[in-house]
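Report on the following structure.
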Ligand code: S5P
């Protein structure tokens, strides 16, 4: 099995390269889902948990007191702690519309998010629309191939077709939001939500696997939200997830 940094040298997309490289150098495959609704909470999480993560994932539209300063501060903390910013916007419209949603409006996502994601449902035009706004800024796109929620419509055929769309767009698509590894192409980064230290679910359809199960299914990055942010000591909890994710990766690498 290639290491993250070996894979990094093979990738053309600068964001994919940077992410795989930083995961190995920082020894973390943990992404924090910072699903909180105020500026101060996001920045506090980013500063305190920043040293443990490779990516912070935001839902910028849930922040009640959003302003441009939040983005500037988040970028500063990303530099300080060496992590990337992933805006989990889940674009899902025609190319012309998502392009505006990506670069315009209040959030101007293209200006600050290294990584965004999109549903493959609308077909390849969604990638073309996002690429026109993002590639010149050296951004990367993840396609949602499989969702973690119970009853999701993302079956095997859907995931396979999503993979084919990604293969046709290797310059901009850097991987997938998925529950497992979808392809042997070392440049595709598999990112998996629905992760907690014990298997379970929430009351609204979310389903959880452990870090070890996710990494053993071939994923590269584990996304953890409430498992960390709802814990009494989020920093201590983040360290646990970081260790669990990294140990599972090292074990797989050494078995090879
Ligand atoms: O299939 C998915 C895709 C995503 S990006 N399932 C998910 O849960 N997510 C996101 O991951 C979701 O929007 C949330 O921000 C995070 C999971 O949060 P948790 O609190 O359940 O760990």
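Cβ atoms are placed via backbone N, Cα and C, with glycine included.
Feature annotations, courtesy of TrEMBL:
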type	residues	note
ACT_SITE	88	active site, for OMPdecase activity
ACT_SITE	90	active site, for OMPdecase activity
ACT_SITE	93	active site, for OMPdecase activity
BINDING	35, 57, 148, 206, 225, 226	substrate binding site
DOMAIN	29-241	domain 'Orotidine 5'-phosphate decarboxylase'
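Where TrEMBL records a feature, it is marked here on the structure.
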residue	record	Cβ neighbours (10 Å)
35	substrate binding site	17
57	substrate binding site	24
88	active site, for OMPdecase activity	22
90	active site, for OMPdecase activity	14
93	active site, for OMPdecase activity	17
148	substrate binding site	21
206	substrate binding site	17
225	substrate binding site	20
226	substrate binding site	13
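Residues from the recorded positions list (93, 148, 206, 226) with a C-beta closer than 6 Å to any atom of ligand 1: 148, 206, 226. For residue 35 (substrate binding site), the spatially nearest entry among the active-site residues 88, 90, 93 is 88, judged by CA separation.
Closest in space to residue 226 (substrate binding site), of the active-site residues given as 88, 90, 93, is 88, taking the CA atom of each residue. Counting only the Cα atoms, the space from residue 93 (active site, for OMPdecase activity) to residue 148 (substrate binding site) is about 21 angstrom. One way to see the shell of the substrate site is to take the Cβ centroid of 35, 57, 148, 206, 225, 226; the remaining same-chain residues with a Cβ within 8 Å of it are 33, 193, 194, 223, 224. Separating the Cα atoms of residue 88 (active site, for OMPdecase activity) and residue 206 (substrate binding site) is a whole-number distance of 16 Å. The substrate-binding residues named in the record, 35, 57, 148, 206, 225, 226, extend over a maximum Cα to Cα distance of 17 Å.
DSSP classifies residue 148 (substrate binding site) as coil under the three-state reduction.
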